[in-house]
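S.K.: The structure under discussion is supplied below as C-alpha cells; questions concerning it will follow.
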C-alpha cells in the first residue's frame, strides 16, 4: 500500500488537524520520499515511518508540535538539515538502521534545541572510535544516546515516550479502570440482593415445612384417638355379648 492511501485510511474520517499520532510503518514510498503528509497536520505529536523505503526527508512538511519521529529501518544517508527546519520542537529521534556513516552527517541536528533522545542503532557511524563521546560533544542538548546517558545510565521508560501522548493514554486507562470498578461494584450489589432474596425464600420455605409438620402431627393424633375409641367400643360389645350368653345358660 502506498503512503498516500495509508494516510487516507489512518485519518478515519477525521481532519488532519485532529490527528495527534500517525503510524505509517511498512507502507511504500515512491522514489524514497514522503508523500501525502501535509502541513495540515498542525497538532501531530508522534509520527512513525519505520521501514517505508525512505532515502530522503526533503518532502517533510512543517510540523510545529511534533515531538517524536520514528525513521528506523530506512535508507537515509544525509539531508538531516530539513529536520531542524521543519520540526522545531522535536525531542525524540530514531534513525536506527539507516545509512549514516560519519559524525558530520549528524551536525545539522545541533539546531534541534529540544532534542533529548537520539537512537542510531545499526548505523555504520556507531562503529567509529569514541562514537558516543563524539556525538555527545557534537550535540550537547542530548540527554540519551541509544537509550543511555553520558554516565551510561539507562533511560527510564517514561523518557522514551512523548510526554503529552503518554498522559492522554494514562487518562484513558484510568477512565477504563474506573468504569471496571463501577461495574464490579454493581455486580457485588446485585449479588448481595440475590443472597438476601434467597435468605427470604429460605425462611418462607422453612415456615411452610413447619406448618406442614404441625398439620401432619395433628392428623396422627386424631387417628390415634379414633383407634382408641374403636377399641373401647369393641371391648364394650364383647362384654355385652358375654353377659347375654351367661343369661341364656342360666335359663
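Quick reminder: no glycine exception, Cβ is built from N, Cα and C everywhere.
Take a look at what Swiss-Prot says about it:
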REPEAT    43-64  repeat 'LRR 2'
REPEAT    65-84  repeat 'LRR 3'
MOD_RES   86  N6-acetyllysine
DOMAIN    123-161  domain 'LRRCT'
REGION    149-251  region 'Disordered'
MOD_RES   158  phosphoserine
MOD_RES   244  phosphothreonine
S.K.: Any idea what the model's mean pLDDT is for the repeat 'LRR 3' (65-84)?
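M.R.: It averages 97.
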S.K.: What parts of the chain pack near the repeat 'LRR 2' (43-64), using Cβ distances under 8 Å and only residues at least 6 beyond its ends?
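M.R.: Same-chain contacts beyond the flanks: 3, 17-29, 31-35, 37, 70-77, 79-80, 82-83, 85-89, 162, 164-165.
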S.K.: Short question: which residues 6 or more past the ends of the domain 'LRRCT' (123-161) have a Cβ under 8 Å from it?
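M.R.: Here the qualifying positions are 68, 92, 95-103, 105-107, 109-110, 112-117.
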S.K.: What is the number of other Cβ atoms found within 10 Å of the Cβ of residue 86 (N6-acetyllysine)?
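M.R.: Neighbour count, Cβ to Cβ under the 10 Å cut-off: 18.
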S.K.: Please work out the helix, strand and coil residue numbers for the repeat 'LRR 2' (43-64) from the DSSP assignment.
M.R.: 0 helix, 3 strand, 19 coil
S.K.: Can you break down the domain 'LRRCT' (123-161) into helix, strand and coil residue counts using DSSP?
M.R.: 16 helix, 4 strand, 19 coil
